[in-house]
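Notes follow the structure.
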């Protein structure tokens, strides 16, 4: 440290150490509007939620809390599940980070073992409305993580002769006496007509 030079414009190291000890720098995360009253915040949120619920109840004459229709301008009717479009009762999409298990294949992409069904996905599409939404999310997350570990995005090909999109061959390789030298087509190049710009 004896070779370190401090410029005249900067404060000396002793002064900086003393300043830091006397007045610690306040944290960057400051409360600009005073302390937060959590009870008041909770009351305001509950009041806002009640107001929204009452407004939607008046608008749609439906009690969303008890799942019952109310008297009003709309007439609610109970319908059979089969008469509804499929997107009303199909299972929800898995989260973006979750892996996808192919539905029509009975084995995984490497062909070694049967693919396990998705955690939380119902076995029968008819029973999707009966799925218990109170499953433990930590269990399903670990199950998905274990499931996704061995599955590849792109399946392994059995054909060992993979071909590049563009054949990167030079004229020397084409003029070789190799048996597959003429099998790759080459795009003819335009003769170079370059003009000088002045």
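Glycine too: its Cβ is placed from the backbone N, Cα and C atoms.
Among 157, 162, the residue that Swiss-Prot annotates as phosphothreonine is 157.
As annotated in Swiss-Prot, phosphoserine applies, among 10, 178, to 10.
The C-beta environment of residue 74 (phosphotyrosine), restricted to residues of the same chain at least 6 apart in sequence and closer than 8 Å, consists of 60, 61, 62. Set side by side, the modified residues 88, 89 differ in how many other CB atoms lie within 10 angstroms of their CB, and the most is found at 89. There are 6 other Cβ atoms within 10 Å of the Cβ belonging to residue 187 (phosphothreonine).
A gap of 53 Å separates the Cα atoms of residue 187 (phosphothreonine) and residue 88 (phosphotyrosine). Break the region 'Interaction with CDK2' (51-91) down by DSSP state and the numbers are 16 helix, 4 strand, 21 coil.
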